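Asks: Structure incoming, see below.
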Amino acid sequence: SFQYLTVSKATVTDLLHFHPLGRWPSRSVMNLGELVSALNGFASLSLAESWDNVGLLVEPSPPHAVSTLLLTNDLTEEVMEEAVQKKADLILSYHPPIFTPLKRVTWRTWKERLVVRALEHRIGIYSPHTAYDAIPHGVNNWLTKGLGACTSVPLHPSAAPSYPGEGTHRVEFCAENTEHLETLLSKIKDIQEISSVTTLPVRVEGEEQTRVSLNCSQKALLEVVALLSKNSFLYHKTEILLLQKPLLPHTGMGRLCTLSEPVSLLAIIERIKSHLKLPHIRLAVGMGKTLESPVKKAALCAGSGSSVLKGVEADLYLTGEMSHHAVLDAVANGISVILCEHSNTERGFLSELRDTLAIHLQNKINIIVSEKDRDPLQVA
């Protein structure tokens, strides 16, 4: 006898979108390019530090559909194996596994093997790193929640990356309408790193003149000023403006937190251990302070905080790691220091990121957090 199976329209659609590698999508899929664009929209890569290596680091040959995204703080070989077993199509690794340029891709070093394994199994690798440090809904903001109720501002605010579009200075001057002006403008336009040269007819003290405005770099500014000084009879007044990019609200590196109510250093320690799910932290008590000393202001930086926290006035520094001498400096200035190991101040953000990204991506793909990712250091 024969049995008939009724197939719904939705099931047929799933069949038509059967993944070429032989796995059934738990949800829909996103094209890799579409997903990378959405991730860049979630946190602009322009906010990352200039020394960082962020964005799409490993790309399988197109077309590449993504059904499962694996989140990890560090992409180790153990995490890569987990990604293979869980059939991930893209790994979002907070720390970039490729930082120092690779001269070859062989089986010799563990980072080379990550690239080989990723390409063999058609897994892309994307890293946001310090872009996630800077954004208002990023790693540092998550870390502030370990302090309790507080308000926070970035220690090093980020400037708007796209304004002004070109140039660091604007030069404006008025000149009489003569042939010499046309010659001068032609010479100015020949200078490298000059942009947005505009002219506008104006009336100055009853005379028809031309107002010239241009944007230029610091280097080009020297050439423009030298050129104008040779043609001083052409212009009456020159203005040089420094073009400063506006600061982005709640965006930047590190955070300076003001607690709603002062609490003891001991209470802060317990809050942080609870937030980071750690049995132990490392503590240096500031000169003249005790475990009962009140903490009102805390400066923090996820990961390695020496450079970001340096010189900041606060009752407490909270970070993953600091150099020995940076800790000594802080303690001598009466600032207590809590160190939790580098990635322990970052990894817990991934659970929050999973939920936030699910909303941002409209639940189009399956997002999972690595179970193998862990800080390499432990207390023995």
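Using the three backbone atoms N, Cα and C, a Cβ is placed for every residue, glycine included.
Since the structure is predicted, the reported quantities are computational estimates derived from the model, not experimental observations.
Here TrEMBL flags His95, Asp133, His342, Glu346 as divalent metal cation binding site.
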Asks: Mind telling me which of the binding-site residues His95, His342 has the densest Cβ neighbourhood, counting other Cβ atoms within 10 Å?
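Replies: Within the set of binding-site residues, the most crowded position is His342.
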Asks: Taking the Cβ of Glu346 (divalent metal cation binding site) as reference, which residues of that chain separated by at least 6 in sequence fall under 8 Å from it?
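Replies: In sequence order, Asn73, Tyr94, Val139, Ala302, Gly303, Gly320 meet the Cβ cut-off.
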Asks: Give the sequence-ordered set of same-chain residues, not counting His95, Asp133, His342, Glu346, with Cβ within 8 Å of the centre of the Cβ atoms defining the divalent metal cation site.
Replies: Asn73, Tyr94, His129, Val139, Ala302, Gly303, Ser304, Gly320, Ser343, Thr345
Asks: Enumerate same-chain residues with a sequence separation of six or more from Asp133 (divalent metal cation binding site) and a Cβ-Cβ distance below 8 A; give 'none' if the list is empty.
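Replies: Spatial neighbours, sequence-distant, of Asp133 (divalent metal cation binding site): Val139, Asn140, Met253, Cys301, Ala302, Gly303.
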